[in-house]
Structures are given as structure tokens and as C-alpha cells.
Amino acid sequence: MDARETLRMAGRSIRSHKLRSALTVIGVVIGIASVVTFASVGASVEADIVSEVGSSSASNVYVLPTPAGEGDDGPGFGGVSQPVFTEHDVKQLEKTKGVRQVLPRGNVRVSALTHANDTVSRNQITATTPASFPQDAIVAGRAFRSGAREAVVSRSARQAFESNLSVGDTLSIETEDGNATTVDVVGVVNRTAGQLPFASFAGQPRFYVPTDPFYERTLESPAVGASQRAYPQLTVVADPARVSTVKGSVQNYLAGSDAAELKPESVELTAQTSGDFVEEIQDIVGQVTRFVTAIAVIALVVAAIGIANIMLVSVAERTREIGIMKAVGARNRDVMGLFLAEATVLGAVGAVVGLPLGIAVSYGATVYAEVAFTPAYGWFVIAVAVGILVGVVAGLYPAWRAARVDPIDALRYE
Amino acid sequence: MSSTAGTSSADDSVVRLADVRKTYDLGGTVEALAGVSLALAAGSYTAVMGPSGSGKSTLLNLVGALDTPTEGRVTVADHDVGTDSEAERAGIRGTEIGFVFQTFNLMPRLDATENVALPLLFDDWSRERRRERARELLSLVGLGDRRDHRPNELSGGQRQRVAIARALAPDPAVVLADEPTGNIDTETGAEIMGLLDDVNARGNTVLLVTHERAIAEHADRIVHIRDGTIESIESLDGAGRDA
Ligand SMILES: Nc1ncnc2c1ncn2[C@@H]1O[C@H](COP(=O)(O)OP(=O)(O)OP(=O)(O)O)[C@@H](O)[C@H]1O
Ligand SMILES: [Mg+2]
């Protein structure tokens, strides 16, 4: 009996009990759809994060203190906000070969911001240097000047107040101790050169002021012996072709830096490229995806049990038919093939229905999460293959039972 | 009346049983057949009679390659039924044997044509040839107008006609009928027997199991078995045929 006839017969017997077959297939559909969904959403989130990091920060080396002893997974990006990098460190790093700029970054504690009589409460704003605003990042106006009472804001900051904030407006900054300073808004930016790879994710309003005169955290530099501004984070902008060399040089310098002397025991200094961050993110997303997908695989196992169960029922019900087929010349392997084909068709139909469903659901999920949809094509192929495999595996034992039916026994009783 | 088993007989035998034993082990051993030798000449018409449990069905199952002898040899059209190869035995059943059962044993979801064509499906005939052959045979058994009916849409007599057509499909060496009229009324039974007579008249070898004398008398000879052995072979010489 050839494969086509076997499939035809299998299809017939599936159609002869539609409801039961449909219910069995639903199990496979759910399994395949979940695998495809989780794999695709995972791939999309990962791809989105990677593209978010993009080229704008590809040549950045982030220098920051992180909690010590985090194991092999790298320092992680939960930095500790310890002002340890002195102006001396900034100067030294700027002299390092391959380094274009060193952008210090610190927080200024504030209590509120006021624009046109609308006051918004806020804990901190960012202090940095004018070099943080490259020309292509400026949407309107210009960068602030060092030493000036000026501010640059992010695009979303324009809507932070009741009346729109724009270049030329003034902003009143109320400090913790209750004093207020007025600054001129001189520019609007869509990113900063020193920002962490995923900073633009948040899209929240940001306000930037020059470190001079606003940033006041100081420490005595062990190298210079004088009090200097000290920052919790530096971004070293490297020559794009020499990012990894620069990372190495930075790490070397850090060992003998002011920061190394000033930092508490519990903290270590790290230099990470955005590539390091991407790897970490990929690692985490990958782990989550694998875990969730593994759970979805359980749904497939349940589906396989469903098929096996229904096939065993089918074999029991059709014992007499098996006897008839054998009496008229069916070989064991013909009978085996029939039942195996039936189980395989159930699995394949489940996969064929489950795949587009999974794609649709994962597409919906990415739209909802505002993440670009990246189909996990590899998983699509795997899902269909697994669906068919589930059918085959689930059908093996029932088909073997069917093949072993003794025609004399099967035909003896009415 | 002849009392010899006649195994040594002519080379034109299509079925031969030589000292066949079949025992079942169920705690003690049950000897269903205790040394049976018998030959069926091509085109012959043989009936087997005997009390319940005497081994009639066992004999038929051996000739039909559904079972293998414990001892001795069964051949059908020169194929050894005792072969260890299950596939080979299936092949014998599919091409050399035509079964007609008391309970019809048709596939409930297949229509008459498909039921008749079933043995040919396993013998790898093409779809077109299978259909053609099945239609031909259904016309032969008088069911040309019931081809598309499923078994549950047919009367008992019609079902048995479909079964006879199916038995003839592969042009078998022997047609085996186990109580073919057991599940139908006397009048329809007579029609079925008439059909089997026609089948034999067209040159097919027929082996029939029955416990009704009147049915057995359709054959050329009656093999009486008791306790797994042949008690006697009664030759009818056509006398009972048209009685
Ligand atoms: N599978 C089996 N296992 C054990 N014993 C069996 C088996 N099949 C048949 N027998 C025994 O073999 C003997 C012959 O059985 P068989 O079915 O051939 O009888 P029969 O002549 O066809 O009877 P009936 O007229 O009632 O159909 C019986 O004693 C029966 O119990
Ligand atoms: Mg019997």
C-alpha cells in the first residue's frame, strides 16, 4: 500500500470522527502556537534592544562603579551612584590614545522645576559637559556653554509643563535647600553622546545643565592633592575603530586612578562597551525566552499524550476493521502505517494551524509592546517539524498495538 | 462414500494439508486439529461439517493463512502457509484467498465498491483498476445498482453478496466460506448459496464450512470432522447439487 493511499485512508478515518479529531488537534495547535509566540516575542524584544543600542553609542566605553563580586556574568548594569571619578581622572583619560572625548555625568539634586508658573516636582537633573550634545543630536537651538546658566532638554521634556517649553524660554530650578536659580533653555536634543545604551527607551523628560557651575560634589584628588569635582559616571567616546583597545587602556588606567583610591571596598570600577551591554541583554532575554519556550514545550507534550490517547481509543474501536484488513491482505506494516499516518496528520494539521496563529499572536504582542516584530524563522521550521514529530511519536505505540492485532481474535466476535 | 483423505492425489490440488496439527496451550493443551490431511483440487467444491468445537474454523483459518499449523504442512497455490514471514502470509491472504464470513465483515465506512476493492488496495493495484474490477464484480453478484451504498445501507443478503464479490476480487486460488448463511434467513441463504454455486461453476475452488446438511449438499463432497480429525469424506457426485 503506497503512501498516498495510506494518507487517503488516514484522512478518511480522521474525518469520520471530526469532533474528536478537532479537539485533539487543538492541543497541538496550542502547543505549537505558544512555542512560536514565545520564541518570536523573545527574538523581537532582543532585536529591538540591539537596534536600540544602535550605532550612536557603539563607540562609547562606559566607566562606572559597580558592586563588587557579581560572579562570572560580568558586572551587570546596576551601577552604584558613587561619585569617585575626579577631574584629574577625566583629564588623564582624555589623554589616552584613541579617546576622542570623556564625558562626565552626575546628578544635581533638586526639588522642583518651574516653567511659566507651572511647577513640576523632580528629584534630580543631569549635569554634564557641552560635548555630550553632538551636532546631529540637537533638534533645536544649540548646546549649553560651560560656566553659563543654561540648560538643554530632551524632546519629551518640552511637554513636561502645561505650556510648551522651547528654546529661549527660562526654567527655574529649585534646589534642595529651597534656593531657586533661573537658567535659559538653549537647546533641545533627541539623545546625548554619553547616554547609556538603553536610555532612550524610557523616553522620559530629561534636563541637562553644565557641570560648571551646577555640579557641586567634590572630593580631594589623591593625585593632585586638591579638591575637585567627582562624578559617578564617565563616558569615554572612542575612535570607532579602536573601541576595544580603548576599553583595555581605560581598564589599565582605572587600576591607578583617583577613583581606585576613593572608591569604597565594596565597589569595583568597570569599563563596558555598549557591545558588552548588548551581550548581557541578549543573555538575559535569551534565558527568559528559553525558559518560557520550555514551558510551551510542555504544552506540546500534553498534546502528544492527547494524540496517543485518541489513537489508542481508535485502535480499540477499530479492532474488527483491522482484522478485516488483515484478512484481505494487509500486512502488519500497512496497518502500522495507517495508524501512524493518522497520528502524523493530526500533528501536522495542528502545526499548520498553530504556526500562523503563533505568528499572529506574537505579532499582536509586539505591536502591543511597541517593539518591532522580528519573526523567529528558525523556530517556525522547528515548530512544524516538532508538530509532525509529536504526531509520529504519539502514534508509534498505538500503531504498534494496531499492527499486532490478531485477525482471528478480531474477527471472531460480532 | 470415500474414507481416504486423498493427500497423495493429483498435482492440480490448489490446497494441500499434510498431517496438520494445531494445538493451543491454555494450561493444558487443546488439540484443535489432530493430524488432518486433505487436498482440494482446482475447481472443486468442498464442504466441511462437524459438531461445534470439532475444528472446522481452525481448519479454515489455516487454509486462509490467518494461522500457522503447529505441525504438518499447509500449502495454498504452492505457498507455504507455515512461513515465519507475516508479510508473506498477508500476501497469500491478499492474493490467493477469498474469505466469506458468517458476519460479513465489511468495512463500515467504505462503500460497496471500496469494500470489494480493499484486497486490491493492499496488493498495490491502481485506483482506476481497483474501481473497474470492483464494479465488474458487483454487477456479477447482482449489486450493480448498489455500488455506492455503505454496509449499513444494505440488507444482510446484499452485504454477503458484497463479501463474495470482495472474496473474488484478487482472483484467488480458493474461496473460503465459514457459515456464509448463518446470519441470514433461509430464502436469502438459498440465493447466497446459488451465488456460491455460480462462483464454483466459473471455475473457482470453494471450501465451505457449515453445520447444515442442506447447505453442505451444494458441494461435490463433504468432509466430516470430529475432535480435530477427519471422520469421513462423503462424495456427492453432483447428486445433491440440484436437489
Ligand atoms: N485461540 C484459541 N485458543 C484456545 N483454544 C482454541 C482457540 N481457537 C480454537 N480453540 C479450540 O479449538 C477447538 C476447535 O475450535 P474451532 O473454532 O475450530 O471449532 P468449530 O468447529 O469452528 O466450532 P463452531 O462450529 O462452534 O464454530 C475448540 O475446542 C476451541 O475451543
Ligand atoms: Mg467455527
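Glycine is treated like the rest: Cβ placed from N, Cα and C.
If you check TrEMBL, you get these features:
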DOMAIN    A:21-252  domain 'MacB-like periplasmic core'
DOMAIN    A:294-407  domain 'ABC3 transporter permease C-terminal'
TRANSMEM  A:21-41  transmembrane segment
TRANSMEM  A:291-316  transmembrane segment
TRANSMEM  A:337-364  transmembrane segment
TRANSMEM  A:376-397  transmembrane segment
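Outside the transmembrane segment (A:21-41) by six or more residues, the chain places 14-15, 289, 292-293, 295-297, 299-303, 306-307, 310, 346-347, 349-351, 353-355, 357-359, 361-363, 365-366, 369, 373-376, 379-380, 382-384, 386-387, 390-391 with a CB less than 8 A from a CB of the stretch. With a threshold of 8 Å between CB atoms, the same-chain residues lying at least 6 positions outside the transmembrane segment (A:291-316) that come near it are 13, 20-21, 23-24, 27-28, 30-32, 34-35, 37-39, 42, 322, 339, 342-343, 346-347, 350, 386-387, 390-391, 393-395, 397-399, 401-402, 405. In the domain 'ABC3 transporter permease C-terminal' (A:294-407), the DSSP tally of helix, strand and coil residues is 98 helix, 0 strand, 16 coil. The average per-residue pLDDT of the prediction over the domain 'ABC3 transporter permease C-terminal' (A:294-407) is 92, rounded to a whole number.
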